[in-house]
Amino acid sequence: MYTPYVSIFIFLILFIFSSCSSTACLATRLRPTKSTAAKFAISNNLKNHSHPWFQFKRFVDARRGSQVDGISELKKYFHKFGYIKKNDILNDTFDGQLEQALAKYQEKLGLHVTRKLDSETISEIMSPRCGFSDTFDKLHATKRYTYFTGKPRWSRDIPMTLTYGFSPIYKITSLGMNEIQGAFRRAFNHWAAVIQVNFIQTEDYDFADIKIGFYLGAHGDDEPFDGVLGVLAHAFSPENGQFHLDAAETWAVDFEVEKSQVAVDLESIATHEIGHLLGLGHTSVKDAIMYPTLKARHRKVDLKGDDIVAVQALYGSNPNFKYQSMSESDISSSSILSLRLLKSVIMLLVLALLLL
Ligand SMILES: [Zn+2]
Ligand SMILES: [Zn+2]
């Protein structure tokens, strides 16, 4: 009499596994890629530039108990990006506080949590990145997107229009204004395509909702820029609208034209910072736009499922947006949410059938 139930059970199990393989399971997708060698090749290309984070390379293999000259600088790094709350233990001992910060960092950045300074972790720490500290979502410990505390968003009615303007004073001259405006237009359009927010450039900078400027060093907001690479840019949560980029970077719109080894893709960074301006924090999903690091000469401009699910929860979906237009890898992190729900429902049904 159990034969039909057993058949149903087997069918459902097969269905679950076939769904899993066709949409790339979250666990598979979030494994860090084994590209450490490639990363270090890039780092070696950059060895002649002097950003302090490059000194961290000598900490490879350090672990709790190690006494390493200069490791207090790494503690300052973890303090800056939100991993060490108190900045009062600045000695050169790899202590428990540093180990805890390191484990938290590895988890947040989707790395292997080894609690030591392995080469994969050091490579990530040395990478250029967004200046905004990394945020944590205590309610959802799974690897995914985050919001700012209180989940702020632009509070006007949906659909809404936000204006953006470029500072007439704080600018760069290494790129033409047309090239800069084109990169930002494309960056804003990546987000406008998925949510009910429209972005319009205005010449009236003082009254723009989003104010874009390129600044050198200290510029009045306690977040000084640090020269070539290191911190690339930062932007503030809604409804502040301030969007600052480090004027010391070699900003690029075309790597065929800009050959510098320290060139940074303007559209990629702009797309990331707009995510902050809309209310998103940093994610642990490595392929997503809201991941905090981006290496020199790398380009990442396409929103991934993780970014889209996060921002649509704040602003609703653009009626013209369809997941079908995205590639399978793009949607895997969002489809996994519904897949997990589906699996839970199926398992409950199976249990109910077996209990009948
Ligand atoms: Zn950021
Ligand atoms: Zn700033």
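Even glycines carry a Cβ here, placed using N, Cα and C.
According to DSSP, E273 (active site) is assigned to a helical segment. Residues or ranges marked as active site by TrEMBL: E273.
Following the DSSP three-state reduction, the secondary structure of C130 (Zn(2+) 2 binding site) is strand. Around C130 (Zn(2+) 2 binding site), the same-chain residues six or more apart in sequence whose CB sits under 8 Å from its CB are V231, L232, A233, H234, I269, H272, E273, H276, H282, P292, T293, listed in sequence order. Taken from TrEMBL, the feature Zn(2+) 2 binding site covers C130, H272, H276, H282, M290.
In sequence order, W154, L162, T163, Y164, E239, G241 are the residues near D209 (Ca(2+) 2 binding site), counting only same-chain partners six or more apart with C-beta under 8 A. Taken from TrEMBL, the feature Ca(2+) 2 binding site covers D209.
The Zn(2+) 1 binding site annotation in TrEMBL covers H219, D221, H234, H244. Over all protein chains present, the Cβ of H234 (Zn(2+) 1 binding site) has 20 other Cβ atoms lying within 10 Å.
Taken from TrEMBL, the feature Ca(2+) 3 binding site applies to D226, G227, D246, E249. Proximity of D246 (Ca(2+) 3 binding site) to non-local residues of its own chain (separation of 6 or more, Cβ distance below 8 Å) is seen for F214, Y215, L216, F225, D226, G227, V231, L232, A233, given in sequence order.
Among the features that TrEMBL reports, Ca(2+) 1 binding site is placed at E249. Around the Cβ of E249 (Ca(2+) 3 binding site), the number of neighbouring Cβ atoms within 10 Å comes to 26.
Taken from TrEMBL, the feature domain 'Peptidase metallopeptidase' applies to 150-317.
Look at TrEMBL and you will find 1-22 tagged as signal peptide.
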Over the domain 'Peptidase metallopeptidase' (150-317), what is the model's mean pLDDT?
97
Integer Cα-Cα distance in angstrom, H244 (Zn(2+) 1 binding site) to M290 (Zn(2+) 2 binding site):
16
Applying a 10 Å Cβ distance cut-off over all chains shown, what neighbour count does H272 (Zn(2+) 2 binding site) have?
28
Can you list which of the binding-site residues C130, D209, G227 have their Cβ under 6 Å from some atom of ligand 1?
C130
Distance-selected binding-site residues near ligand 2 (C-beta under 6 Å), from H244, D246, H272, M290:
H244
